[in-house]
Structures are given as C-alpha cells and as structure tokens.
Amino acid sequence: MAIRKYKPTTPGRRGASVSDFAEITRSTPEKSLVRPLHGKGGRNAHGRITTRHKGGGHKRAYRVIDFRRHDKDGVDAKVAHIEYDPNRTANIALLHYLDGEKRYIIAPYGLKQGAIVESGANADIKPGNNLPLRNIPAGTVIHAVELRPGGGAKLARSAGVSIQLLGKEGSYASLRMPSGEIRRVDVRCRATVGEVGNAEQANINWGKAGRMRWKGKRPTVRGVVMNPVDHPHGGGEGKTSGGRHPVSPWGKPEGRTRKPNKPSDKLIVRRRRTGKKR
C-alpha cells in the first residue's frame, strides 16, 4: 500500500493524504459473511454515555472474521480477494476453502490474490498459515495470536503490527509484543505467520476534523476551557492552567487505568516501557 497526497485545493485538503488502495481487489464484501452493525454512540443499555467522544460516522457493515481457524486444519484455501474493512485498520483476505466454505482472515503483509494458505500443525512457515506456537520456530514473526488455547486470536491484529516468537520453554512460549513487553503464552495457542499488512495506514494525515467525524469520532474538549460545573479544571478568571494535578471530569487522577491485580499479569516477563514511574 502507498499513500496518495491530495493537492492543496482547500485548507482541509492541504497536507491530507489517503491510501491508494492498490492492494484491494474487490470493493463489495461477501454477502454471506456480512452482519448488520448498529452504532451505540458510546451509550450503555441505560442510554448513558460510558465512552466519550464516540458517535455519528458513516454506516458500516460488520465483516465476520475467522480468528480461530482450528476447524479447518488440513484444508487448503485460496485467497480469492483482498478487501477493505471499515471496522479495522488492517485489510482482510477472503479465503475459498477446497470444501466450498468461504471465510475472512486478517490479511498479512505479502499475501496476494491467488495464494494458497493452510492451517494445522504441519502447515508450512509462510505468511497467512496458521499453526500452534509449539510448531513455529523461534525467531519467527507472527500475528493474530491467541492468549488461551482455542480462545481465538487476541494479540497483534492491527495494521502493520507483529509479534516475535523469542523461544519456548516447557509448556510456554515467550513473545515480544509490539509494545516491547515480553509475555509468556501457552504453546498450544495458535498464531498466524507474518506481520499484519497495510502498515502505511499509520502515516495517513487525516487533514480535517470532518474526516474524523466520518469515522465516528467526536471532539475531545479540554477541561480547562469548561465551566466549573462541567469539569474540575474549569472556571477561573482568564486563561488558567487548571491549578491542580490532571484529573478526569469526575475527579479521578489521570493515568493508571490498568487493573493492578489482573491474573494474566503473572505471565509478563518484562513490562513495556511507559516513561512513568512505577
């Protein structure tokens, strides 16, 4: 994928860029793998905002992605199309299996239309093939990794990211995450070989606020420009700095959003570098 820059015909177009979609081979999704997607606007079942800055945006249809692939072991599949997916940063690949079934997977870098992919313990080590970590050599770059055997891919699914398999010891494999964190995962967990494609997506300059609204992202207003009734940093005569340590609109100190006693933390060998004191 390459980035195409717009000519500066308007202030919103100046500096803006877009993907050239050169890898995309079909513009309409497979009907049997599409489900309706209803926007919630960041609201919960009571109608209250639980996630701010969400709402609006272009209507989308959800593409059902196969994040497991274990039930297709030993069945070869041909890559019929590389398609755009509005619900994620990565592109997706439509597979036609020899038994007649069609499924979507996340498209890894280098996977082309017409390629043959497979899954299972005896699959070759090449992009798009899915197999257990115990059957993947150390040093291999992988993506779409399970956290628990049979639980479906949870790690490294965004455009351009990858995980490196550092080694295996006993029933665990050591993985270097995109953040730099080193984590142990059960060797029975499955992963797909290669890195996720569409890496240039990170270099897109959106150019104007309107394009973010098309994506369903609403403005983020700073607390210091609000009134005291709306935010702890609000109010004051003239321009102020907030006058206190940063807090949320509900008075909670900023940062430290991770659960401190998460059970899976015991499998972290080395934490990611955050730049914060712990």
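Positions of Cβ are set from backbone N, Cα and C atoms, glycine also.
According to Swiss-Prot, the feature region 'Disordered' maps to 27-58 (among others).
Sequence-distant neighbours of the compositional bias 'Basic residues' (37-58) (same chain, 6+ residues past either end, Cβ-Cβ under 8 Å): 86-87, 213-220. Positions annotated as compositional bias 'Basic residues' by Swiss-Prot: 37-58 (among others).
Annotated region 'Disordered' per Swiss-Prot: 224-278 (among others), in sequence order. Mapped onto DSSP classes, the region 'Disordered' (224-278) shows 7 helix, 5 strand, 43 coil.
If you look up Swiss-Prot, you'll see 253-268 marked as compositional bias 'Basic and acidic residues'.
The compositional bias 'Basic residues' annotation in Swiss-Prot covers 269-278 (among others).
Long-range Cβ contacts of the compositional bias 'Basic and acidic residues' (253-268) within its own chain (Cβ-Cβ under 8 Å, at least 6 residues beyond either end) map to 147, 172, 181-185, 245-247, 276. Residue counts for the region 'Disordered' (27-58) under DSSP (helix as H, G, I; strand as E, B; rest coil) come to 3 helix, 6 strand, 23 coil.
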